[in-house]
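As annotated by TrEMBL, disulfide bond applies to Cys36-Cys189. Marked as Zn(2+) binding site by TrEMBL: His92, His94, Glu98, His141. The N-linked glycosylation site annotation in TrEMBL covers Asn130.
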Amino acid sequence: MILLSVSFSSSSPIAAVFSVAFLLIYFSEATLGAPCPINGFPIVRNVSELPEDNYGRPGLSHTTVAGSVLHGMKEVEIWLQTFAPGSGTPIHRHSCEEVFVVLKGNGTLYLAETHGSFPGKPVEFPIFANSTIHIPINDAHQVKNTGHEDLQVLVIISRPPIKVFTYDDWFMPHTAARLKFPYYWDEQCFQESQKDEL
């Protein structure tokens with residue numbers, strides 16, 4: 001809900017009602033009701049009121065807090081993701097930096113430096129509430145909830161929109177990795193064809 005404070009030099013109640021009605025219609029159609037609300041991105045929003053979905057991935061709850069495709073962000077994109085116990089991301093890599101802030105729960109980060117022809121055996125890092133994770137550009141990784149309660153993370157990526165290459169396992173060649181672009185949460189709103197950076 002967007003609250004507006006409007007003052008008028010004219011004392012006409014009809015003009016005031018008309019102006020407020022116009023603003024409410026404009027904002028409700030441009031931002032609240034549209035599936036791709038690029039125009040009118042509000043300065044302050046309640047995260048709990050933003051749309052969330054699992055995009056066909058059991059155990060995932062994803063909310064785009066600030067996105068390039070959804071909201072017109074140019075340099076960063078921010079997601080709030082919750083993983084149920086046993087769930088996680090696929091093994092993947094992307095041509096951008098990524099930072100996770102673990103808000104609650106615990107799990108495991110699997111990270112493989114992507115310098116050979118395939119990711120290889122990953123290094124395992126325990127993650128827990130108040131920890132941060134930095135994923136270097138193009139390093140294959142996976143985050144899994146290996147705990148007994150929900151794992152909730154705030155994710156910040158650079159250079160959006162994200163282009164993700166997924167792997168079936170850690171020994172799948174990079175040349176066989178599958179490109180997913182636009183990514184699930186951007187599919188409905190993505191309009192332009194952009195050159196792949198990898």
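Quick reminder: no glycine exception, Cβ is built from N, Cα and C everywhere.
Just so you know, TrEMBL annotations never went through curation; they're auto-generated.
His92 (Zn(2+) binding site) has a Cβ environment of 20 other Cβ atoms inside 10 Å. Those residues of the chain, other than His92, His94, Glu98, His141, with a C-beta within 8 angstroms of the mean position of the Zn(2+) site C-beta atoms are Thr89, Arg93, Ile135, Asp139, Ala140, Val164.
Listed in sequence order, Ile133, His134, Ile135, Val155, Ile156, Ile157, Ser158 are the same-chain residues at least 6 apart in sequence whose CB falls under 8 Å from the CB of Glu98 (Zn(2+) binding site). Residue pair His94 (Zn(2+) binding site) / Cys189 (disulfide bond) shows a Cα separation of 20 Å. Of the candidate recorded positions, His92, His141, Cys189, the one lying closest to Asn130 (N-linked glycosylation site) when CA atoms are compared is His141.
Cβ contacts within 10 Å of His94 (Zn(2+) binding site), excluding its own Cβ and spanning all protein chains shown: 26. The 10 Å shell around the Cβ of His141 (Zn(2+) binding site) contains 24 further Cβ atoms across the protein chains shown.
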